[in-house]
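Colleague: Pasting in a structure now, in structure tokens, and then I'll have a few things to ask.
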Amino acid sequence: MIIRSASQSSRYSFSLVSTRYLGGAADIFGFLLNHAMIGDKRGYSSSMETAILIRRGKWFDKFLREKCINLNDVLTVFNQMVHMRPLPSVVHFTQLFTAIARMRYYSTVISLYRRIEVVGVKHDIFSLTVFLNCFCSLKRVNFGFSVLGKILKLGYEPDHAIFNALVHGLIIEGKMIQAMGFFKEMVKKGIQPDLVTYNTIVKGLCKTRNILMALQLLEKMEEVGQELDEVAYNTIIDCLCKDKQVTEAMNLFSKMLARGVQPTTGTYNSLIYGYCVQNQMDEALKVFHLMIGRGFKPNVVNYTTLINGYCKSDRINEGVKLFKEMRCMRLAPNVVTYTSIIGGLCNSNRHVDALRLLKEMQDFGPAPNLMTYSVLLKGLCKYGHAQKALEIFQTLQVSNIELDIVIYTIVIEGMSKAGKLDAAKELFYSLSTRGLQPNVATYTTMIHTLCSEGLLHEAYQLFRKMEKHDCLPNTRTYSTIIQGCIRNNDLSMATELISENLERKFAADAFTASEL
């Protein structure tokens, strides 16, 4: 630690940060910070002083971005700053707070904000804006409005950054109605929203599935002459596609192009996804080729979306073809790509190919995740490869991967279908010792297994235990136990459960009705 003492400088005394941060820099900032610390000023003009301060401010910001790579680094700088005399200006503290906020340590910013008040640093509009933003990011928007009150009390004019932070804060707290009210109040008071405001509101409306209102807001933006970018269009197009309104999404896409707003690969991917979820794979491929024709290079996400669509549409050969194509283009498949293709192969009873790809992942990466193993085990069990599924499952049990209830449910069902009732029961009743709670699918699977083996009494007892363990039976559970009663000729119990089912407002499914 290098220290410059008062004896070395009659004008200043301040501590300096470890030289490992600074290399050959002379001190923590590389220059004197404050207007008061420019020195004797030596006849500097005001414009020259301003230019010096701007250059120094840029240096400090660059220093924070490049040298202070974690919270400890930034806090070291902060502790040096609060012990300097005279104190650095609020501008540099604001830069420091911004650096901490970029790391998402919002609570730390709030704590340090109060500390510099104690040592005598007076806040300005910029430091207060950072403070307000941190409250909003922590979903404490009420405190954000308190900071707004302080800003107004100090005579500052709030800018778009403040209003946008408050709108965003209301939205992430799920207060969409209040956000819209605040937005309208802004307009009423003559504050013209900027592009960020509009985009924030559009995202909030789409997140809450208010697509019609989002489209109306888009039209309003055009009416008031607001210059649009791709963000609002992409947000609404993506929302429409996820809502299976791909025709409307394509219409909006056409308007986007007509108005000169350039789409991104994300725009095209939303449209590809929209067609894929409706099994319109030929249309999805057309969008893919349209994207390439307009000069966009397809990425891993584009290929993965298409491959997943083909696999779910039982067109595995086309999915495999695209999988090979993306590798020829030197695009490395990610875990989602591999999981999609493995799932498609398993559903086509091509388990040898699926296992080969799993081995490839294990040897060369990316590492398989729980979803990868889930689709693989489900596919193996579906086509009677329960023994292979069990071998993989046993390997997973001794691995570092933390297994969830979904994996156990798949294996229990697989063993049941393979006639390994004792193994299925043992695994089911061992769940609590593994720290896992059966979900409704697990219970339903086990009830079906017991009923199939003629163990109706045990199945009924398990059914009644569900609620005691805070797991409510659903329609499928009731249907399973009722069907079990009928097949085991216990019509009295079946009648009792049907009445209970109707009282709980569960509709008997078609299979149960046909059995009756």
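Positions of Cβ are set from backbone N, Cα and C atoms, glycine also.
Sharing the feature lines straight out of TrEMBL:
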REPEAT    159-193  repeat 'PPR'
REPEAT    194-228  repeat 'PPR'
REPEAT    229-263  repeat 'PPR'
REPEAT    264-298  repeat 'PPR'
REPEAT    299-333  repeat 'PPR'
REPEAT    334-368  repeat 'PPR'
REPEAT    369-403  repeat 'PPR'
REPEAT    404-438  repeat 'PPR'
REPEAT    439-473  repeat 'PPR'
REPEAT    474-508  repeat 'PPR'
Colleague: Please list the DSSP helix, strand and coil residue counts for the repeat 'PPR' (264-298).
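Modeller: Tallied per class, the repeat 'PPR' (264-298) gives 25 helix, 0 strand, 10 coil.
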Colleague: So what's the average pLDDT for the repeat 'PPR' (474-508)?
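Modeller: Here the predicted model's pLDDT, averaged over the repeat 'PPR' (474-508), is 85.
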Colleague: Would you mind listing the long-range same-chain contacts of the repeat 'PPR' (299-333), meaning Cβ under 8 Å and 6+ residues beyond its ends?
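Modeller: Distant contacts of the repeat 'PPR' (299-333): 265, 268-269, 272-273, 275-277, 279, 281, 284-285, 288, 291, 340-341, 343-345, 347-348, 350, 366.
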Colleague: Who are the chain neighbours of the repeat 'PPR' (439-473) in space, where the CB to CB distance is under 8 Å and they lie at least 6 residues beyond its ends?
Modeller: 405-406, 408-409, 412-413, 416, 421, 424-425, 428, 431, 480-481, 483-485, 487-488, 490, 493
Colleague: Checking distant contacts: for the repeat 'PPR' (159-193), what same-chain residues at least six beyond its ends satisfy Cβ-Cβ under 8 A?
Modeller: 125, 129, 132-133, 135-137, 139-141, 144-145, 148, 151, 200-201, 203-205, 207-208, 210, 224, 226
